[in-house]
Amino acid sequence: MASTLRLSTSALRSSTLAGKPVVQSVAFNGLRCYSTGKTKSLKETFADKLPGELEKVKKLRKEHGNKVIGELTLDQAYGGARGVKCLVWEGSVLDSEEGIRFRGLTIPECQKLLPKAPGGEEPLPEGLFWLLLTGEVPSEQQVRDLSAEWAARSDLPKFIEELIDRCPSTLHPMAQFSLAVTALEHESAFAKAYAKGINKKEYWHYTFEDSMDLIAKLPTIAAKIYRNVFKDGKVAPIQKDKDYSYNLANQLGFADNKDFVELMRLYLTIHSDHEGGNVSAHTTHLVGSALSSPMLSLAAGLNGLAGPLHGLANQEVLNWLTEMKKVVGNDLSDQSIKDYLWSTLNAGRVVPGYGHAVLRKTDPRYTSQREFALRKLPDDPMFKLVSQVYKIAPGVLTEHGKTKNPYPNVDAHSGVLLQYYGLTEANYYTVLFGVSRALGVLPQLIIDRAFGAPIERPKSFSTEAYAKLVGAKL
């Protein structure tokens, strides 16, 4: 029988903090793999690249630090700072026409280049995490080692389990998720080291360890919340020889369906990062800039993600589609859908899942999910309805004339896929989004600490002060 990895979190942390190579053997997804000095770990890879990255930033600021990179209008100040260039975010850049690139790679390129599970079609999110932190596409061995390391760090403290168990089932899953992540502050290596006094150059080491521990524990936390609120409260243990997405699917209770496991791999990858200006990413960065631990920083980001304008859109899409079917009935003709779209707009409501603050074309994250559905569930009635709306809505929204982007975003599709595979509890979906988003925001937090990023402190003005600034009388 293949051996499985059995390495305590404390032993793993002490070994990695000390810079010692961790030798481990694990049968990963049926393939035996070994992590030794021959294969660079994620931490070693990042540490090797760090001096060169620091030098690039130093040179850029020295030679061009006084260059103007943009202008700010009064409308932007009042309009949520849309389009204001003022954040540094290494992992991804969003182009309004092309969509997201992760370290320069499009989603189709990531699907092609990032390692997959044996027999799988979708990239493993472990590979994307590696890419976001280092800028390099990892080898299959490196991804398997990272999966094994997260599995080794996954055990939850007893008090976290008890904390979740004590939450009333009526408490929103996102509130429970944020609560549990906040409570993991008790385990923070960074907080403990900072309290004792450490050199600033060591900040990133402890931030890395906290981030790895935190990510490793998120599937069990998320699954425990789901099983407590919607099922029997029983959660399967992490399987040390399986990848991150498989374990999440298994703990939720859906691993018997290989296609659902593949969906989780795709979902966790494409929802992870979308530049640094969105609420969850910016909040995590902002709170982290005060040297709060990764636990407190991510919890703050999760609270932002829980807002209706950020992470609840896929739930609203499902509600809107369900309402349409009730109103329209069996006559789901193009004209009836067009009429329903107009009734939504004329009632002063938005069409959920359409439009984006930055994008001006169809979201490639939507496209990747659509392609998945075309392969796996082409005859599903809800998928057919989503496809029909996709054909009709852009024209209606363009004619309506009040949106800069009449095309679908990522939220227009994800809920329908989850529903198809039996995960029907829509108010839980944002928790899955939160697990994924951690994979995008925590690499930047590690980078922030490694670069010595300062506390964020923009300038604010009152309306009267702005009026004076622009020469207006109120």
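Counting starts with 1 at the first residue shown.
Note: Cβ is positioned from N, Cα and C throughout, glycine not excepted.
The shown structure was predicted, so the numbers you read here are calculated from the model rather than taken from an experiment.
Swiss-Prot lists H310 (among others) with the feature active site, giving sequence analysis as the kind of evidence. H310 (active site) falls within neither a helix nor a strand when secondary structure is assigned with DSSP, and so counts as coil.
Taken from Swiss-Prot, the feature active site applies to H356 (among others), supported by sequence analysis. Cβ neighbour count for H356 (active site): 22 (other Cβ atoms within 10 Å of its Cβ, all protein chains included).
Counting only same-chain residues at least 6 apart in sequence, those with a Cβ under 8 Å from the Cβ of D411 (active site) are A313, N314, E316, V317, P352, G353. Secondary structure at D411 (active site), as computed by DSSP, is helix. The active site annotation in Swiss-Prot covers D411 (among others).
Annotated transit peptide per Swiss-Prot: 1-35, in sequence order, evidence recorded as sequence analysis.
For H310 (active site), the Cβ neighbour count at a 10 Å cut-off comes to 17, with all displayed protein chains included. Cα to Cα, H356 (active site) and H310 (active site) are separated by 11 Å.
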